[in-house]
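One structure is given here, and the rest of the page talks about it.
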Amino acid sequence: MSSLFQTYSRWPIDIKKAKGTVVEDQNGKTYLDFIQGIAVSNLGHCDDAVTEAVKEQLDSVWHVSNLFDNSLQEKAAAKLAEHSAGDLVFFCNSGAEANEGAIKLARKATGKTKIVTFNQSFHGRTYAGMAATGQDKIKTGFGPMLEGFHYLPYNDPSAFSTLAEEEDIAAVMLETVQGEGGVHPADPEFIAAVQTFCNEKQALLIIDEIQTGIGRTGKAFGYEHFDLKPDIITAAKGLGNGFPVGAVIGKKKLGEAFTPGSHGTTFGGNKLAMAAVNATLQTVFQPEFLQEAADKGRFLQAQLKSELTGPFVKQIRGKGLLIGIECAGPVSGIIGDLQVRGLLVLPAGPNVIRLLPPLTVSKEEITTAVSKLKEAIEAHSAVNQ
Ligand SMILES: *Cc1c(COP(=O)(O)O)cnc(C)c1O
């Protein structure tokens, strides 16, 4: 019997070793990993430079209190500021914690309380993260929820009219591609309405880049695909290429809200995490690397569209290397079959197969993965006819 809380329904695959796109289980079976720990190892597993940086740091110093100067944090923060719309960074340990920090920052900086988020969004499992998340199933049994959240339909530019009279809006928070909610990219008209609403209400714009950031969509951050001026950006998943770390990145004007004693964490910005972040960003933020990730994303989408032509596949969508295949029915059987065929993929809701290969994936690996997907979907369609 397991001594773990059964908070996950786990697949019976225990990974022993991993490099790049390929992982190996305890039985020596290998898989192409198009999950990468859920958009975490964007440089592939055990990237040489990140591994080397963490190994070196292990022998110098692991952890010091945030009451001391930290040059590794300064360096990582400067990189994030240089490559984003933000100026100031707070490091934490996870995505939910980053969103928690963003919501605290927005309320304190504006003196207002309400936060607007969207249906089918996902912002994490802490109390603020759950409250921000527009999915009831995440909240069931955990009430009462944190107050002050409004939920609007995603991708509906007219949705904001229901809040026309509301004056107490601290922030609007959204993903530019809803990841967990089914891989739904935002429409430009919707994004324009978001920005207009924030300007009119003098509300801060928080972009949750936890899944879309760090090159995943073919740009450093997903909001760069649009004409958007975020005040706060949250990052985590891909930030340390597998080392647990998160970040709240904000505009300089918000600095007065986060003063000594106002917010903090023991582990956030730990030396080992910062070694991983600095090495990760060194590669990911190179324009040629991002360009190549974008090209591979287009290649993968084009391959999927030309190969997956049967009636079971309803739509192929996404940005960069965050791609969803919407199917006509449940995909859990196909995902299990793909594991047997040596390809690891995720669901995003019951009917969507989500692909999150590393940004370093090769075109050969993409072609192999697409043919496995084609076989598994065709086998499934044949059984269900
Ligand atoms: C994964 C995710 C989170 C939560 O991150 P954790 O590190 O699991 O707490 C929040 N927002 C988005 C968009 C995510 O994809």
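Glycine is no exception: its Cβ is also placed from the backbone N, Cα and C atoms.
Site annotation for pyridoxal 5'-phosphate in TrEMBL covers G95, A96, D208, E209, I210, Q211, T266, and the matching candidate from F122, F243, F289 is F122. Among the binding-site residues E209, I210, T265, T266, the residues whose Cβ lies under 6 Å from any atom of ligand 1 are, in sequence order, I210. Within 10 Å of Q211 (pyridoxal 5'-phosphate binding site), as judged by C-alpha distances, the recorded positions found are K237; the full candidate list was R125, K237, T265. Distance noted between the C-alpha atoms of A96 (pyridoxal 5'-phosphate binding site) and R125 (N(2)-acetyl-L-ornithine binding site) is 6 Å.
Here the recorded positions are R125, K237; the one with the fewest Cβ atoms within 10 Å of its Cβ is R125. Take the Cα of G95 (pyridoxal 5'-phosphate binding site) and measure to each of the recorded positions R125, K237, T265: the nearest one is K237.
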